[in-house]
Amino acid sequence: MSLTTAAPLLALLKEKDAEVKAYALQSINEGVDQFWSEVSNDLPEIEALYDDNGFQDRKMAALIASKVYYNLGEYESAVKYALAAEEKFDIDEKTQYVETIVSKSIEMYIKLATEIYNKSGEQVNLDPKLTIVFEKMMTKCTQANEYKLALGIALEAFRLDVVKSILQERLGEDQEGGSMKLMSYVLTAATTTVFNSKFKDEILRLLFDLLMPLKNADYFITSKVVVNLNDPELATQLFEKLHDEEQIEVSYQIAFDLVSSASQHLLEKLHHNLSERSYDSGLLEILTGIPTCDYYNTFLLNKKNIDISLLNKSKSSLDGKFSLFHTAVSVSNGYMHAGTTDNSFIKANLSWLGKAQNWAKFSATASLGVIHKGNLIDGKKVMAPYLPGSRSSSRFIKGGSLYGLGLIYAGFGRDIVDYLKTHLIENSGTTGDEDVDVLLHGASLGVGLAAMGTANNEVYEALKDVLYNDVATSGEAAAFGIGLTLLGTGDETAINDLFTYAQETSHGNITRGLSMALALINYGRQEQADELIDKMLASENSLIRYGGAFSIALAYVGTGNNKVVKKLLHLAVSDSNDDVRRAAVTALGFVLLRDYTTVPRIVQLLAESHNAHDRCGAAFALGIACAGKGLQAAIDVLEPMTKDPADFVRQAAMISLSLVMIQQTEKMNPKVASINSHFLSVITNKHQEGLAKFGACVALGIMNAGGRNVTIQLENAETGTLDTKSVVGLAMFTQFWYWFPMAHFLSLSFTPTTIVGVRGSDLNIPKFDMNCYAREDVFSYPKMFEESADKEVEKVATAILSTTARAKARAKKTKKEKDTNEDDKKKKEKDLKKEETKKDDAKKESEAEEDFNKNRYSSKPYKIENMSRVLPQQLKYVQFIKEERFTPVRKFKGTNGVVVLKDNKPSEPASIIETVRQSKDVNAPLPTPFKVTEELDFEKI
């Protein structure tokens, strides 16, 4: 007979006989889920039974106490008593109670393990019983083949030993199948969800140690590990193994991947290590970055689709006599021609160029560096007419040319660093002379770009000498140069020196430059930068707090760390300085790069703030996080902001809108045409403020950047890492707020939208086709700008006598009163008809658009040539043809960039695409293979 109350059983607990108590506990346990509310009244007695060490069934008492606390919702106490129950608590029991207790146990274990690992609480004690539950669950997961679940929990709990044992166990079972997938899973988890830098490094080194001894290792996963660790010695080991196994084409592909994703420090050190071992000259050349840049320059030049009429319209609408407008057109021209090596617009508009004054000349000259970005062979030759020592007399042209040189060689400056460094050393002793300061300004920015991330000590010392001269013009640029050179190094000595000097100097420009330098030095360092960030944010100097916001942005870039997001939001609404508030909101864009879809929701309220600087920051945050994504939610927030009352908010909104919309076609987003025309209307409108016009002109340049063949890609799809150069380019670009020439830094973020198939045997680009399974017109270029020819001729009013005018007015008034009623009726009818027509058209458009988006895929492919424009959204539709002569060395997974190809018919001649470098090569090219026929019939020739 079933019990309806627990009272009799609870009464038995008061008996003295231990066996009676044990029976009562056993019976209560069976019905505790039903009678827990009654049992809860006697909890103190049950707990007392557990506390009695002489009572044999005390573990059962603990189990009952746990179940009662579970039903009361007090999970911490429930876990405590469940652990005390030891073997009485059956971890395999399939009940909600057990699942909840196990889940809460693991949560508690992870929390305590995190505290211990971070040493945030040295007195923290980890209950061994909690560890037993955790390890039992790990065993249970592996027995059920739930390896990913076990690895994920182990990573969260900082249990590297568990991760290692699971991976080794799987490697022992099968060397190729599931184990490689698990390795890839751990790599992805480590790079996207593990926020502790030290533990992340430990995981990656473990993966490298496990992968390297394997006979059939996946070297592409290994290369991703190397890039994330940024360790040249590990990279050298990888290439040595590839060399020993004679996997030349695979090593070439990995080298190209490293060029597009690794730091300059890693590339230079790796090149040096392999040079000492007399490695394959082809591999060494790839590591210099010259072939990659040459391929991209060739693509951008051959496929350029520059809307020159748009640029001409901007130029004619903005008066070049004003420095602001001249700089806007220079920057826009630089963007539109970025990487194409085509400076025809400048040559065709020399009279306009001559209008430039002072710093506008500096910007115009530097824009040549943007146009020739990546031209590593002829870069210095192109800039030679403007460099110091040439016939040019203007100090602004000389300074601008040195900055331009840095923009050409950004990230690949091995051959130009010494030249730029010489200018710093020769002139640093004569600062204070305005001519010298302008030259040093350009040289400091140039050398910072060329030596980016190398931690070159000689460059650092030369820049420090310029900085300590305490001249605002050269000192600010020297600070930026130091930040770029020491990018991501976290050099403690440099950090202390720069922070101290930022507090001491009386020049605001230098303080702000040093604050940004500190942010750059702490790039990607996460919690290791916390101490400095707290010091900067606690400073009374708003310029240092400004740098603190950017330090958060760059130290935690792409992490999506909640703690950091909260800190930035608090700073955005509480700081007394507008610049700091704007920087804090902008920083959200960097932190949430990988979670970009959440940004419109987070900044929505800030975009409607009463504070114009918060609104401006919200616009920049959207532009940065959603760059190149075409995210509709971001566009919906930004579009109303282009009509904001504050001119600088409109400027930020237009620039950010162009960052989001870059490489969007009219079929992908119908708003492309209207946004472009809005930018143009702002430029041509005489009543718009100068800042808004500047923003519109720059935005047009971004929308049509690189001959309409580049995008902004902040994450490297192949390695899963952030593109450091792109992130730094955007961060430095935001400084145009204070100094317009900084706008050129955005060119660092431009990524060509192409697939370049390269033959592994000779690094030439063969002509062949790929399949694209999409509708052919989806990804076509937007229409070129055409100025309407049917402009109305303005009529000149004829003179009328005053008496005649009065008579006409009286007659008109009488007639008007008669016709008013009839006109009103007709007008209302017309308006109604118009509205109905508009609604019908809008409905048809939305239906057509919806239908189009659903049916973007086509079962019948069309052919695209090698080195064609392939948009990021198009990549998933592209496939290599299996029967084709050229096939990729690595399985193609829809990523752009350089793809090394295997030639399946190497003895047959192939058509080759000539690169920019090859077209200028004075040496005779190697002859193409040909067949010799022994017997020739000369009569038939």
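Cβ atoms here come from the backbone N, Cα and C positions, even for glycine.
Feature annotations, reproduced from Swiss-Prot:
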type	residues	note
REPEAT	363-396	repeat 'PC 1'
REPEAT	400-437	repeat 'PC 2'
REPEAT	442-476	repeat 'PC 3'
REPEAT	477-511	repeat 'PC 4'
REPEAT	513-546	repeat 'PC 5'
REPEAT	547-582	repeat 'PC 6'
REPEAT	583-615	repeat 'PC 7'
REPEAT	617-651	repeat 'PC 8'
REPEAT	652-689	repeat 'PC 9'
REPEAT	695-731	repeat 'PC 10'
REGION	808-854	region 'Disordered'
COMPBIAS	816-854	compositional bias 'Basic and acidic residues'
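Residues of the repeat 'PC 7' (583-615) grouped by DSSP class, helix first, strand second and coil last, total 24 helix, 0 strand, 9 coil. Scored by C-beta pairs under 8 angstroms, the repeat 'PC 6' (547-582) has its highest count with 695-731, from the stretches 363-396, 400-437, 617-651, 652-689, 695-731.
At the 8 Å Cβ threshold, with sequence separation of at least 6, the repeat 'PC 5' (513-546) lacks contact with the repeat 'PC 8' (617-651), having fewer than 3 such pairs.
Beyond the ends of the repeat 'PC 2' (400-437), by six or more residues, the same chain brings 264, 268, 288-290, 293, 361-370, 372-376, 379-380, 382-383, 386-388, 392, 443-454, 456, 458-459, 462-463, 465-466, 469, 471, 473-474, 725, 741, 744, 747-748 to within a C-beta distance below 8 angstroms of the stretch.
Panel annotation: around the repeat 'PC 4' (477-511), residues 230, 263, 440-442, 444-445, 447-449, 451-456, 459-460, 463-464, 466-468, 470-471, 517-525, 528-529, 532, 535-536, 539, 541, 543-544, 547, 724, 728, 732, 738 of the same chain, lying at least six beyond its termini, place a Cβ under 8 Å from a Cβ of the stretch. With a cut-off of 8 Å between Cβ atoms, the residues of this chain six or more beyond the repeat 'PC 8' (617-651) that come close are 572, 581-590, 592-593, 596-597, 599-601, 603-604, 606-607, 609, 657-664, 668-669, 671, 678, 682, 688-692, 694-696, 711-714, 730, 734, 749, 872-873. Cβ atoms under 8 Å from those of the repeat 'PC 9' (652-689) belong to residues 310, 313-314, 317-318, 616, 619-620, 622-624, 626-632, 634-635, 638-639, 641-642, 644, 695-703, 705, 708, 710-712, 753, 777-783, 785, 845, 849, 852, 871-873 of the same chain, restricted to positions at least 6 beyond its ends. If you average pLDDT over the repeat 'PC 4' (477-511) in this model, you get 93. Counting residues per DSSP class in helix, strand and coil order gives 24 helix, 0 strand, 14 coil for the repeat 'PC 9' (652-689). Within the repeat 'PC 1' (363-396), the DSSP-based counts of helix, strand and coil residues read 19 helix, 0 strand, 15 coil. DSSP assignment over the repeat 'PC 8' (617-651) gives 24 helix, 0 strand, 11 coil.
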